[in-house]
Amino acid sequence: MNLNRTLLALLLAFSLLSLGFGAAPLTLREVIAGLFGVGNEPQQLIIQQIRLPRVVLAWLVGAALGAAGAALQGLLRNPLAEPGLLGISASAGFGAVLALYFGATTLSLWLLPTVAMGFALLATALLYALTRVGSTNLTLILAGVALSALAGALTSLALNLAPNPADLQDIVLWLLGSISDRSFDDVRLCAPFVIIGLALLFSTAPALDVLALGEDEARTLGVDVVQIRGLIIIGAALAVGATVAVSGTIGFVGLVVPHVLRRFVAYRPGQLLLPSALGGAVLVLAADVTVRLIDTPKELMLGVVTALLGAPFFLALVLRSRRDLL
Amino acid sequence: MNLLNVSACSVQIGEHTLVQPLSLRLAAGELLGLIGPNGAGKSTLIKAIAQLLPYRGTMQLQNAAMETLTAQQRARQLAYLSQNDPVHWPIAVQDLVSLGRHPFRGSWWRGAGQLSAADDAAVETALRVTDVWALRQRRFTELSGGERARVRLARVLAVNAPLLLADEPFAALDPRHQLQVMALLREQCQRGASVILVLHNLTLASRFCDRLLLLNQGKLVASGTPSAVLNAENLRRVYGIEAVTGEHAQQRYLVPWMCATD
């Protein structure tokens, strides 16, 4: 499809830009040489050990958030559904904080993403239960607000009781969301879950199209609504939970990307999944490059920037659909 | 041979019995109307037949027990139009109607845009007979109520199922389109399909249905030809109304006239 090709091209362009850009600017030729392991050694190291993990992480985080947003919107038949707004990211963040600062990570490295995904799963399932019957925008957002507040409160409680107060600033900064200073260890930690999660989400695409007719008619067309719901809840929880575990919470990607791309797939919710994954990756990558471009005394956190751009966008969306909300 | 056999089916939700045990048979080519006042259990019954609600009793579709059919087999044989499930995205009319071909898709990875020639033909026919062919590029959300109703009907017709279940497809339709929809459903019967229709309009019910089931508070009160079911006694007892009847072009007509005085 043309749209997907365009997004792939954009993704490639931003990836090369991100690899070349930094304290030691590299030319395109040097970037490509570094990627293929030729050329001068320090440059190879910069590319492969420092910048490439960051780029790959941006792909994973963006694809996970974009696809999860699109899939949740299709399932709930609501354009305001988004992992961040609905408290799924916040719940995963709470799980990660629990695992991180109560020492669980010393038991096993995998415990961090596992706990984060577990809480994301819990939040998504709870959310679905809350909004199942007559999900209007209002009930959905209220449920999301409630969940976010709960996850936020529990996170605060965990911070409050954290055994080592010196770590507090680190936790808070980490929660803001960033993909800087990450290594391939982080990529390895989240990639399998993101890939499985995306596969689960993509498998629901044809059914999501049919779900536009409402659950009853979709069921009579042979769609197993219970199964689709399960696949999306588990897929979104795996993908979002795993990325939150390595990058903190990065909001609004899942809201903005499907919204912008929807018109290019003729508003069909199933067709929106793949472009949203690609578009999410492009957006996170672009935002990450922007974060590094802006010269601030302390490096801006990616999650802060996406929230600063995403929140007004969300407001505009609400404004436009306020008749529906009231 | 009966297309559909429903025996001793009842629907219970929690403590409430919404439909008392009832049986019905539907022959191929038959147009059956489900009538009754609000809360009679019409929609509940049609949903149970569509396998959307749990029920007690047995149902057979073309001599196969309903529960032995796979979801896809069932979806090819039974098409259901819900009363007022809104369409949630501004999807183009043609794409929307094409969703009716979902049960005929191959594997799940076949792109939703790829339809076979047979699929395309079924979609085109459905768009044309419902008079929405000209609207096929428009977005569903831009349409008027009447246009939406016809597009949703087209989506159901696109399945080409032998059994059509429609829950009040007239709600937003003007008289011309009401008559058009009834004629359309009759046509479906002529090509061998059977239709179960929930409707409130007794004039249309008496004119177009082969047979009527009259429900009241979850109970089957009467079944038979329209003139047998819609007699003065039933109208007064179940609906609390009196009707004017007469004959036009050798057909009996019925118009609800006034509230019954008791």
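FYI, residue positions are counted from 1 along the chain as it appears here.
Yeah, the Cβs are placed from backbone N, Cα and C, and that goes for glycine too.
Keep in mind that TrEMBL annotations are predicted by a computer and have not been checked by a curator.
Outside the transmembrane segment (A:53-72) by six or more residues, the chain places 11, 15, 18-19, 81-84, 86, 88, 124, 179-180, 182-184, 186-187, 190-191, 194, 197-198, 201-202, 204, 208, 232, 235-236, 239-240, 242-243, 246-247, 250, 253-255, 257-258, 269, 272-274, 276-285, 288 with a CB less than 8 A from a CB of the stretch. According to TrEMBL, the feature transmembrane segment maps to A:53-72 (among others).
Annotation source TrEMBL lists transmembrane segment at A:84-104 (among others). Among residues of the same chain six or more beyond the transmembrane segment (A:84-104), those with a C-beta under 8 A of the stretch's C-beta atoms are 65, 68, 72, 111-112, 114-120, 122-124, 127, 140-141, 143-152, 154-155, 158-159, 162-164, 167, 171, 174-175, 236-237, 240-241, 244-245, 248-255, 310, 314.
Taken from TrEMBL, the feature transmembrane segment applies to A:110-131 (among others).
Through the fold, the transmembrane segment (A:138-162) approaches residues 76, 78, 80-81, 85-88, 90-91, 93-94, 97-98, 101-102, 119, 123, 126-127, 130-131, 168, 171-172, 175, 325-326 of its own chain, all at least 6 residues removed from its boundaries and within a Cβ separation under 8 Å. Among the features that TrEMBL reports, transmembrane segment is placed at A:138-162 (among others).
Under 8 Å from some Cβ of the transmembrane segment (A:189-208) lie the Cβ atoms of residues 56-57, 60, 63-64, 67-68, 71, 74-75, 109-110, 112-113, 117, 218, 223-224, 228, 231-232, 234-243, 245-246, 269-271, 273-274, 277, all in the same chain and six or more residues away from its ends. Annotation source TrEMBL lists transmembrane segment at A:189-208 (among others).
Look at TrEMBL and you will find A:228-261 (among others) tagged as transmembrane segment.
What TrEMBL records for A:273-294 (among others) is transmembrane segment.
The annotation transmembrane segment is assigned in TrEMBL to A:300-319 (among others). Through the fold, the transmembrane segment (A:300-319) approaches residues 79-80, 84-85, 173, 175-180, 247-253, 255-256, 259, 283-284, 287-288, 290-291, 294, 325 of its own chain, all at least 6 residues removed from its boundaries and within a Cβ separation under 8 Å.
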